[in-house]
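According to Swiss-Prot, the features are:
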SIGNAL    1-18  signal peptide
DOMAIN    220-457  domain 'Peptidase M12B'
CARBOHYD  ASN268  N-linked glycosylation site
CARBOHYD  ASN279  N-linked glycosylation site
DISULFID  CYS345-CYS452  disulfide bond
CARBOHYD  ASN440  N-linked glycosylation site
DISULFID  CYS472-CYS485  disulfide bond
DISULFID  CYS484-CYS516  disulfide bond
DISULFID  CYS504-CYS512  disulfide bond
DISULFID  CYS525-CYS544  disulfide bond
DISULFID  CYS531-CYS563  disulfide bond
CARBOHYD  ASN552  N-linked glycosylation site
DISULFID  CYS556-CYS568  disulfide bond
DISULFID  CYS573-CYS599  disulfide bond
DISULFID  CYS581-CYS608  disulfide bond
DISULFID  CYS583-CYS598  disulfide bond
DISULFID  CYS595-CYS640  disulfide bond
DISULFID  CYS633-CYS646  disulfide bond
MOTIF     709-716  motif 'SH3-binding'
MOTIF     723-729  motif 'SH3-binding'
Amino acid sequence: MGLLRLVFLLSWAASAGGLYGNPLNKYIRHYEGLSYNVDSLHQKHQRAKRAVSQEDQFVHLDFQAHGRQFNLRMKKDTSLFSPDFKLEVGGETVNYDTSHIYTGQLFGEQGTLSHGSVVDGKSKGLLKPLKAHSYVEPSERFFKDQAVPFHSVMYHEDDIKYPHKYGSEGGCADSSVFKRMKEYQMSVQEEPEKHDHKEDHEDSGPVILRKKRAAQAEKNTCQLFIQTDHLFYKRYGETREAVIAQISSHVKAIDTIYQSTDFSGIRNISFMVKRIRINVTSDEKDPTNPFRFPNIGVEKFLELNSEQNHDDYCLAYVFTDRDFDDGVLGLAWVGAPSGSSGGICERNKLYSDGKKKSLNTGIITVQNYGSHVPPKVSHITFAHEVGHNFGSPHDSGNECTPGEAKNLGFKENGNFIMYARTTSGDKLNNNKFSICSVRNISQVLDKKENSCFVESGQPICGNGLVEPGEQCDCGYSDQCKDECCYDANQPENLKCTLKPGKQCSPSQGPCCTTDCTFKRASENCREESDCAKMGTCNGNSAQCPPSEPRENLTECNRATQVCIKGQCSGSICERYDLEECTCGSTDEKDDKELCHVCCMEKMKPHTCASTGSEAWKAYFKGKTITLQPGSPCNEFKGYCDVFMRCRLVDADGPLARLKKAIFNPELYENIAEWIVAHWWAVLLMGIALIMLMAGFIKICSVHTPSSNPKLPPPKPLPGTLKRRRPPQTTQQPSRQRPRENYQMGHMRH
C-alpha cells in the first residue's frame, strides 16, 4: 500500500494535553494512534486532482482523536511553488505535479487552518491550534521494526518536552563562529552592489493609511532553492513525495510567520520554492556531489552550499539529517543593509581566499544529539536562520530577551525567534520577532527587497483590496475601522473574512453600511459622469451596479469627444458622421491651427479641416475645438502645449547634437584619411610647432629671474612700469607715524 503524507496546520481549541501515560520518544511524552481509511482518502485525492468543478476540488478527511471529531476540508495549494518550479532527483530533472499539496480548515470552525500533502494513502502532519498545537506523523517514523494497529500518530505540543541544556548556544552556532563568518564577509574582493530604493517607500495609498512601495508594490516574495542530501532522503523513507512534503511544511511555517509580521511598514513578506534538488542514496557515491561525505562540520557544510552559484534565487538552503557538534541545528550568513556581503539577494562574489561564493545561503538539520527534533523545533530553527539572512543577529538586551527576565510575567511568555538558543516553540513569543529583529530586518528589506524579490501572484490580505479568495479586506489591526471584517493580523483562515452574522463589509463596495448590512435599493453609490447616469445600489450586493450609460454621441470631455457605450471614447467628428484627422503643416496653417480638432469626410483625406474653418461651419457654428494639452499634432511630429501651440519634437537636443558632433566616428575617419593623404603638411606643422615653442622659451628665458648667482640678472621687458620711490624728507617721525598706525590698527589720541 502506498503512503499518504498529510501535513496539517490546524487551529482548534482542545484540551487533551497533559496525559503522559503513552510516551513516543524522549521528546514526546504522550501520543494517540490514527487508523482512518487510507484507500478512501487516496481515491478522494485522485478525484480532486482531476476535478473541474469547485466542489470536487476539495478533499474531505474525517477522523477522531484526543476526545473529539476532526472534519477536514482541504483544497490544492499552489502558492508555495513558483509557476516555473523545477525538481531534480538524483541529478535528473523530472516533471512533477504539486497537486498533492493541500490547504484547508476544519469544517464549520472559523479560524482553523490545515496545510499538507496527500500522496497515495497514509498521514503525516502538523496540527497548529489556537490554544494547543498538535502534530500528526507516520507511525513507521517511530516504530520502524514494530507492528502497530495504526498508521499514524498524533500528539499535542503540550506533550513535547524539548531540553535546553545542550550548550550555551544550543541550536545555533556560538559567537566565535559568527565572528569568523563576519570577518569573511568583510573580505569580499568585489565592490558590493548598491541598492537605493528609498523612493519606493514614499507614496501612501488612498485606500488605507500605510506605506506603499509605489514602483513595485507587489514584489514581496523571496524565491527559494532547497537541496536535500542523501541522509535527509533516508530519514524520510526514501521517497521524493515525503521529502517535498517536509520542505512544504517548513516553507509554509516560515511563510505564516513572516507574512504576519510588520517590518516597519513592509508587510506580507512571503516565500515560494523555485527549485528543489533531492540527492538520493545513490548520490552518496557520486564524486560530483559535494555533500556525499558523512562527517562534515557545520561550517564546512555551509561553505559547500555557498560555493555554488545561487544568483537566480533569493535564498538557497540545504536540509540534512546530521548530528553537528554542540547541538547546532542550523547556520546561515547574516545579512546587512550595507558594508558587508551576505544574506538575501546576495550575488556570487570573489573573496579573500580566492574563491567565488554565494552568501545568500543557510543549512538546517533535523537531528540533535542523536535524536530527531520535533517538527515545531525544526520549523522555528528554519525561521531563525532565515532571520539571519534577512539581517537580524541574535536578540540581546532586556527588551528583546524577556525569557531571561526576573519578572515571571515576562518570563513565562518566552523568548523570540532570534534568541541565541533553541526555543521549544510553545511560548507566546516563540513564533514572533522581537522589536530588535524587526528594526534590523526592515533596514535590510528596504535596501535589498527590490533587487531579487518577485511578485507572488497570490491575493494579499491587508492591502485594502478585495481579491479572489478574500471575502473582505479592511487592512491590518492598526488600520481596520471595519466592524464587519477580520483584519489581516488574525489567524490564517480567519483574516479577510466576514465576521459571524455580518452581511457585508464596506471594503467590498460602497453599497454596504457601517452596520454591515446592504444599503437600500435606489441609494446613490456613484456620481454621474459625462457618459453615465448616477449609480444606485440594488439592495442585495455591496458592490455598486454598473451605471446606466447615456445615449451614444452625447458630448463629453469639454465637447471634444462623444460617448460610445458609456465611455468617452469617440471623436466629436463622429457626431456629424465625419472622421477625425490630423491637421498637417502647410504654409496656410500656423502652429495654433495644428492644435485644432480637425475633421474630414469619410475616405476623403483632402477634406481635412479645422472645426473652426468655413468647411465645417454648418456643424460647429464657427466654434474652434482644440486638442487637449499633450496631444500629438502635425502628423505626430510635435505636441500641443498649454497655450495650444504645436511644439515640434526635437529628439536630439543641443547637448546631444554637440556630443554627436564631437564623438562622431566619421569625423575621426575623415581626419585620419586627410593625414594619410597630406602627411607632408602634418610634418611641416609639427616642425613649425616645435620651432615656435623653442623660440618662445629662448626669448622669455632672459627675462625670467633665477636663483643661480652665476647667471646674469634678468633683463626688464620693454615698456615695463617701474616703481618710483617718494622723495626723501628730513621729517622722519612724521613719515613713520602713519605707517605705525596702519600696521598696528591702533587709534592714537
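In case you wondered, yes, glycine gets a Cβ from its N, Cα and C as well.
What Swiss-Prot annotates, mapped onto the structure for a quick look.
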residue: ASN268; record: N-linked glycosylation site; DSSP (3 states): coil
residue: CYS472; record: disulfide bond; DSSP (3 states): coil
residue: CYS484; record: disulfide bond; DSSP (3 states): coil
residue: CYS504; record: disulfide bond; DSSP (3 states): coil
residue: CYS531; record: disulfide bond; DSSP (3 states): coil
residue: CYS544; record: disulfide bond; DSSP (3 states): coil
residue: CYS556; record: disulfide bond; DSSP (3 states): strand
residue: CYS563; record: disulfide bond; DSSP (3 states): strand
residue: CYS583; record: disulfide bond; DSSP (3 states): coil
Exercise. For CYS516 (disulfide bond) and CYS504 (disulfide bond), what Cα-Cα distance in Å is obtained after rounding to a whole number?
Worked result: 5
Seminar exercise, completed: For CYS568 (disulfide bond), the same-chain residues 6+ apart in sequence with C-beta under 8 angstroms from its C-beta are ASP530, CYS531, CYS556, ASN557, GLN561, VAL562
Exercise. Long-range same-chain neighbours of ASN279 (N-linked glycosylation site), Cβ under 8 Å, sequence gap at least 6?
Worked result: GLY90, GLN227, THR228, ASP229, HIS230, TYR233, ASN289, PHE291
Seminar exercise, completed: CA-CA within 10 A of CYS485 (disulfide bond), subset of disulfide-bonded residues CYS345, CYS512, CYS525, CYS599 in residue order, equals none
Problem set entry | Residue counts (helix, strand, coil, in that order) that DSSP gives for the motif 'SH3-binding' (709-716) | 0 helix, 0 strand, 8 coil
Seminar exercise, completed: By Cα geometry, the one of the disulfide-bonded residues (CYS504, CYS581, CYS595) nearest CYS544 (disulfide bond) is CYS504
Problem set entry | CYS583 (disulfide bond) as reference: those recorded positions from ASN552, CYS563, CYS595, CYS608, CYS633 with C-alpha within 10 Å of it | CYS595, CYS608, CYS633
Exercise. What subset of the disulfide-bonded residues CYS452, CYS472, CYS595, CYS598, CYS640 lies within 10 angstroms of CYS646 (disulfide bond), using C-alpha positions?
Worked result: CYS595, CYS640
Exercise. Hey, does DSSP put CYS345 (disulfide bond) in a helix, a strand, or just coil?
Worked result: coil
Problem set entry | Using Cα positions only, nearest of the disulfide-bonded residues to CYS512 (disulfide bond) (CYS472, CYS573, CYS608) | CYS472
Problem set entry | Close disulfide-bonded residues near CYS472 (disulfide bond), where close means Cα within 10 Å, chosen from CYS345, CYS484, CYS573, CYS595 | CYS484
